[in-house]
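The [4Fe-4S] cluster binding site annotation in Swiss-Prot covers Cys107, Cys128, Cys342. The compositional bias 'Basic and acidic residues' annotation in Swiss-Prot covers 390-401. The annotation region 'Disordered' is assigned in Swiss-Prot to 390-471, 512-535. According to Swiss-Prot, the feature compositional bias 'Acidic residues' maps to 404-424. Here Swiss-Prot flags 449-471 as compositional bias 'Polar residues'.
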Amino acid sequence: MASELSSAPVLSTPDDHILEVPAADSIPTSTLSDDALRTTYEIVRTADEIRAGGWKRIGLQFPDFMLVDAPRVVEALSKEINTHDQEEAKPERRIYVLADSSYSACCVDEIAAEHVSADVVVHYGRTCLSPTSHLPAIYVYTTHDLDYEVTINEIKKEFSDKTVKLVIMADLTYQNHVDKVVSLLKEQGYNDAVSTEVTRDPAALIPNRKILSDETHDDEHWKAYSIIHISDPPSALLLALYTRFASLHVLSTPSPALENPTMRTAGLLRRRFAKVLALASAGVIGILVNTLSVANYLSSINTLRERIARADKKSYTIVVGKLNPAKLANFAEIEGWVVVGCWESGLIEDDAGYWRPVITPFELEVALMSEEERVWGGEWWGGIEKLGLNDKPEDASKESEGAVAEEEVEFEDVAGGVEGEESAPPEFDMRTGKLISSSRPMRLPVRKNPSTTAETEANSDGQPTSTQQNDSLIKRSVGELASINGVASPGAEFLRSGRTWQGLGTDFDNEASTLVEEGRSGVARGYEVGESGRH
């Protein structure tokens, strides 16, 4: 018998292990004064544009760090709009704050706006200024303060030679300071300093910027200039500026400090070129739709499909929402990805965890070139702005016909008994030197039904014979791709030969079947097993 307890059992942690609940993070509050709020968020201009457009349902899109000001912005904007509407006896307008716009926040979130049937979107903060596909947009960049004295001293410290040629640009949130900085530089003797202004042209020499100059110059003229960017630019802009100017300097904010990111950017560009070489040997390419709001994204997808098909590669179009390595790793048959998005979000910055390389449409064009043609002169573009969507259809058809003619010549049988695919020149991975046999899967032969060109046989009732009804089930020869409806499908081939689990029931294929036998019967005090008696 167990001994009796002399005291109550300890059912709690010791006194010195007091449960400590971490204090909740304090909820941030808006620190702007009423006047500063109206100025920063341009309440008056926004209200005027809304009234001029006649929009009744307005969606406000904030970046995450500005959401703390959202309630006050809604209140101030409603008050400004309703003051004039009441005087004119107009119905009240409704304002909505769009939620879940963190991913690709530089683009106007038309999907979130459609959830509230918004007529217009007011986009706050920095933006890529990509044209929208459906809804009109009002852009409010907001503004930040800049210490002019420290800024000029940093530039003078870096550029002691006052004859240097400088282009001054800034992030949209600091754009209002550019003209003042250039004016102060010219007072210091930097007469070759020029400013920039905002323009909605992602395909410009500086995306969405125009260089202000008394004379008209081509892009080659500006390659002799050094460019200074006020505030930290995104990686896509960093790469673009690095490849188009003599030198690149970044004035970090809010404490102005001039940095030279040349070494870091050069390393990033080399890594981009390595990914291009990886895609050059890929046979199956995934077209990753990263936006549904940018204009021309559908035509861009069609253009990419055509160019991938011309290279005898297979493409699959996939939409997964917010990107992460786990989502893309589910598509094991995809050997590389190309992102369809704006010029900023088209570049996946933190891509170390991705199983397959992810590149931009411009990089894909370089990857699809033949080894004889592939020359990268250092130019770089981030989005779909350089896809050549306005190419004439006849040019594309001629190019396609040329590719077919080239393919026919390439596949001619050669002496020595080598036929068909075996007569094609070998392709190698430029990184590893290994022979690649699957870089152009759409060239591989597909089993075709020989009876399709023969006359139809019929039985006495005039119906097709069973042989013709089942002629689609034909065993593939070695080296042939699986096909769906007569079209080669690397995805189906991977499902057949590459995936270890292909769906419910497929894991029973290798199990040997057994006869049904009589099992144990009876109750707990005695069982009977077949004819062996009671146990």
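Cβ coordinates are placed from backbone N, Cα and C, and glycine is handled just like the others.
Within 8 Å of the Cβ centroid of the [4Fe-4S] cluster site, not counting the listed residues Cys107, Cys128, Cys342, the chain contributes Ser104, Cys106, Val108, Thr127, Leu129, Ser130, Thr291, Ser293, Val294, Gly341, Trp343, Glu344, Ser345, Gly383.
Under the three-state DSSP scheme, Cys342 ([4Fe-4S] cluster binding site) falls in the coil class.
Using a 10 Å radius centred on the Cβ of Cys128 ([4Fe-4S] cluster binding site) and all shown protein chains, the other Cβ atoms total 27.
If you draw a 10 Å sphere around the CB of Cys342 ([4Fe-4S] cluster binding site), it holds 29 other CB atoms from the protein chains shown.
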